[in-house]
Amino acid sequence: MNGKYRILLPVLSLTVLLAAVFYLQPRAMSYFGLNLLFNLAVPIALATIAQMMIIMVNDIDLSVGTFVSFVACVTATFLNDAPLLGVAILLASILAYAAIGALIHIRQLPAIVVTLGMSFVWGGLAVLLLPSPGGAAPAWIRTVMTVKPPLVPMAVVACVVIAGLTHLLIMRSSTGTLLRAVGGNAQAVARSGWSVTKLKAGAYALAGFFGVLAGVCLVGLTTSADANIALRYTLLSIAGVILGGGEFTGGRVSPVGAVLGALTLALAGSFLSFMRLSPDWQIGAQGAILILVLAVRLIFSRRGRKWKGAENG
Amino acid sequence: MDNSRLSTVLAIPKRPWFWAFAASAIAYLATLSLTEGRGGGELLSAALTFASFSAIVGLGQMFVITLGPGNVDLSIPATMTLAGTLSLKFMDGAADLILPGLALAIAVGISTGIFNYLLIRLLRIPPIIATLSASFLYQSLAIWWNRGLRIKPPEALADFSTGSIAGLPNLTIIGVLIALLSWVVLERSIFGRWVSAFGQNTRAARLSGIPVETVRAVTYVLSAVLASFTGYLLASFSGGAALNMGTEYLLISIAVVVIGGCSIAGGNSNVPGIWGGALLMFLVVSMLNSYGFGAGVRLIMTGAIIIAIVAAASGKGRSA
């Protein structure tokens, strides 16, 4: 897929879905309505960016959901009661992510399995911290997440900022180019004298960082946490990256697309509740929307042969 | 002759499945050491019963993962739930509908498998996302069909699924038979060779005249059929279908494949390891349970064991 067209699909699907929502519920076309629609999209967008960092280096992270849940539990307990200790724990968890990235590369382990194992570990830690739902969001996070900027709601501003900053980092900086090159051809990167281990650790650390942001933001919105709060983020984030025009191999990702993909998924939920669809079919309709958008992707990729090559690699 | 037999025995620790069975034995003994040997038979029988479910879905997942990078079936839990709810509602406790109910469960598996494959083939959706989105549809279908009712299985079927022959649980016998069959298919049939060839190098496989798309279609259908069969058995075993009955089998199905020593990069699988991994997953949890660890520690230990086994096994030069 050509880089220019890659971004078209997520833009198009978000626009169509947004138009459908406005048609069904014109009152959503307001400051308050938009805020309501996109509020919970901010942590999903951050988690999707975290997943994108891993997919960028040809791996996949099955632990995003439990990691964000773990961070949410830390935020609602330690970060609230003992901020210094809380920050230390969150920094340590980012370091843990970097260490996993290095381990996966050095021992040539399958990332899907190691992150699967880590998902148990993060889940276990979260259960130890908060055996039952509870805790409280630190006041400052609450303030940040509920701030009301003029004209455009906070959720939209936040998503634009996330997309812009990650675009600069991944698509425009030399570090970002190197990281994408690891996904493209790790051997070539190694031969040109870079340490692939360090780069992979860096990509994983970035994923950890954005995972932490997602968890902190989530608690800012929900004001309390529980150990299962973000389990569905694992699948949402993978779907968001792919909806945003990313591919599983070759370092072909798009930060702006990933944020748009996450917004589309978040909006799909609101759209379905506006449709007054029977609750039985809510999940199924989300699956159908996902399939529909991905089917449209076919139109955007005319070069079928290249596809086959990428799929079977 | 004798020499070769000796070297076969000596080569056993080098087999990828060895570690899964060794770790299972350690977990079993560690649990028994706590009770000073009491309840050993019950624990073994429980382990064999519950491991059968993981082993059967794991075998399906194994075939899919053997196809190579990116191939994984995330719709196993939803297929299990759909088959379980549909067949139990259809049988409605009537003994003479046991076999038609089984046929219905299998038909569910065939349909979901074909649907998964069509998404992958016609819409060119990566298998991870295709099976994931499809699983949402299956889940909704199950919710809509079942309406939260818990229908009991026919008594004869419930008795069969909880019963045993000569000390061996019926479910274990079924699970071992399916494993044997899978071993024959994978190692001794042309189809198994094709699956491995597909996973090792799809391009080479296609160029040498293997009907690669047929191989892939049959593999996804096989995985779905094994999942639906497990759903049917699990629903009968636990006295009714529940909408979340498949949830834990998503991670377990992948974990047993990996712990069992199959290459996640595809093209290299082994059947005994699936049973080893399935036993290990159950025995570790029951060991940690009997030592009085809470849910949190249990999860952390499970994760640490998965990572440790993968790290140790890849040190044997198995990895790409």
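If you go along the chain as it appears here, the first residue is 1 and each next one adds 1.
Each residue, glycine too, has its Cβ placed from N, Cα and C.
Per TrEMBL, the feature transmembrane segment maps to A:7-25, A:31-50, A:62-79, A:85-104, A:111-131, A:151-170, A:201-223, A:229-249, A:256-275, A:281-300.
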Exercise for the section: Report, as numbers and ranges, every residue of the chain located at least six residues beyond the transmembrane segment (A:85-104) whose Cβ falls under 8 Å of a Cβ in that stretch; write 'none' if there are none. Expected result: 57, 59, 67, 70-71, 74-75, 77-79, 111, 114-115, 118, 197-198, 200-205, 207-209, 211-212, 216
Handout entry: Tertiary contacts of the transmembrane segment (A:201-223), as residues 6+ beyond its ends and Cβ separation under 8 Å
Key = 39-40, 42-44, 46-47, 49-51, 53-54, 56-57, 61, 64, 67-72, 74-76, 79, 90, 93-102, 104-105, 135-137, 141-142, 144-146, 158, 175, 179, 182, 229-230, 233
Practice task
Quick one: find which recorded stretch in A:7-25, A:111-131, A:229-249, A:256-275 has the most Cβ pairs under 8 Å with the transmembrane segment (A:281-300).
Solution key: A:256-275
Problem - Contact yes or no, the transmembrane segment (A:151-170) and the transmembrane segment (A:7-25), 3+ Cβ pairs under 8 Å, gap 6+ - result: no
Handout entry: Close approaches to the transmembrane segment (A:256-275) from elsewhere in its chain (Cβ under 8 angstroms; 6 or more beyond its ends)
Key = 6-7, 9-11, 13-14, 17-18, 20-21, 24-25, 28, 36-38, 40-41, 44-45, 47-49, 51-52, 159, 162-163, 166-167, 236-237, 239-246, 282, 285-286, 289-290, 293
